[in-house]
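To start, the structure itself, in C-alpha cells.
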Amino acid sequence: MTILQKGYSVTIILAVLTFFGSTRWLLYTEEAPSAWLNFSLCGLVGIITAYVFVWITKYYTDYKHEPVRTLALSSSTGHGTNIIAGVSLGLESTALPVLVISVSIISAFWLGHTSGLVDETGSPTGGLFGTAVATMGMLSTAAYILTMDMFGPIADNAGGIVEMSQQPESVREITDVLDAVGNTTKATTKGFAIGSAALASFLLFSAYMDEVSSFAREPLKQVDIAIPEVFIGGLLGSMLIFLFSAWACAAVGRTAQEVVKEVRRQFIERPGIMDYKEKPDYGRCVAIVASASLREMIKPGALAIVSPIVVGFLFRVLGYYTGHPLLGAKVVAALLMFATVSGILMALFLN
C-alpha cells in the first residue's frame, strides 16, 4: 500500500504541473489575463478532492485503521452484531465525502465566477466552466487510480492459485495480506468514481436546464419543489435508486444461488473432487456467472433509461391540460437531481 501511495503522490505532482501549464497555454485571454490562474486553481481543487476521496476510502476500508478494526471486533459476538456494525459504518462513511464534494463544488464555482470572464451583458460567467475544470482535475489522475484497482483482482487470483495448488499455510498468509490491500484499492477506485460523478452531475443538471430553455424557447433557471408535481418527481427519483439497488442485489443473489446449486451438483456427481482425484467443471460456473451478469442487469438498466421518459411524458400531458407547458421538464429535472443525490449517498454507503 505504501508503494502504491508513493506512485499516486508522483502522479499528483505531475498532474498539478501539467494542469498549470495546460491552462496557461489554452485558457489565457487578454480580456481576463488572470482567468487562466483561476482555472488552474479549479483543477487543483479537483486534484485535491481526488486525493481526499482516496484517503477517506482508505480510512474506512483499510484494516490498519479504526473503522475496520471495530468492525472485526464486532464479529466476535456473532453475525447479527457484525451486520449492524457494518451497516452503521457504511451509513457513517457517507458524511465526509459529501462535505468534501460540497466544498469542491462551491470552491470551483466561485473561482470560475471570479475569473474576470463576462458575457454580452457584463455579468460574470465561468462558474460552471470552473466546475468542469475541477472535474477534469479530478479525472487527471484516473489512469493511476485504475491501475491501483487492477491490483485487487491480481492479488485475489494469486490467493486462489495458492489455495488450489495446496501451498503451505505460510504462503496463504502472505496472499491474504495482499488481498486485503487489493480490497482497499478496489474500494478506493469506486470512491474516486463516485466523487468525479458527483462533480460532473452538477454540470449535467445545469446542461439539462440550458437544453430545456433552448428547446422550449422559454427560460428555465430554477425548479420549485414546493409545486406538488415537482416534489413527486423528486420523490420518484429517490425511490428509483433504492429500487435499482434492490433489483441489482436480487440479481446477485439469484446468480449466487445458481452457482451454489451447480457446485453441489458437481460434488454429488463427482465425489472425487474433494480428494483431488477429479477435476471440477470450472467452465460451467464461469458460464453461469457470465450469462447471468448480462441477463440480470436488463431490468435495472431498463428502469434507469425508461423512468425519466415515462415520468416526463406523463407530466407533460398533465401540464398541457393544466396550462403548464414546462411541467414535464421540471418534474424530470427534480427526478434527475433527487436521483443523483440519493445515488451518490447510496453508492458511498454500498462502497
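The backbone N, Cα and C atoms fix where each Cβ goes, glycine too.
Remote same-chain partners of the transmembrane segment (7-28), defined as residues 6 or more beyond its termini with a Cβ less than 8 Å from a stretch Cβ, comprise 35-37, 39-40, 43-44, 47, 51, 54, 133, 137, 140-141, 143-145, 147-148. Positions annotated as transmembrane segment by TrEMBL: 7-28 (among others).
Under the heading transmembrane segment, TrEMBL lists 34-56 (among others).
TrEMBL lists 94-113 (among others) with the feature transmembrane segment.
Among the features that TrEMBL reports, transmembrane segment is placed at 125-146 (among others).
What TrEMBL lists as transmembrane segment is 192-210 (among others).
Beyond the ends of the transmembrane segment (230-252), by six or more residues, the same chain brings 223-224, 292, 296-297, 299-300, 303-304, 307, 311, 315, 327, 330-343, 346, 350 to within a C-beta distance below 8 angstroms of the stretch. As annotated by TrEMBL, transmembrane segment applies to 230-252 (among others).
Summarising the annotation, TrEMBL assigns transmembrane segment to 301-321 (among others).
What TrEMBL lists as transmembrane segment is 327-350 (among others).
Proximity of distant same-chain residues to the transmembrane segment (125-146), defined by a Cβ-Cβ separation under 8 Å and at least 6 residues beyond the stretch ends, is recorded for 7-8, 11-12, 15, 18-19, 23, 35, 38-39, 42-47, 49-50, 54, 104-105, 107-113, 115, 117-119, 188-189, 192, 195-196, 199-200, 202-203, 206. Residues of the same chain lying 6 or more positions beyond the ends of the transmembrane segment (327-350) and with a Cβ under 8 Å from any Cβ of it are 90-91, 93-94, 97-98, 101, 190-191, 194, 197-198, 201, 205, 208-209, 212, 216, 220, 223-225, 227, 229-238, 240-242, 245, 307-308, 311-319.
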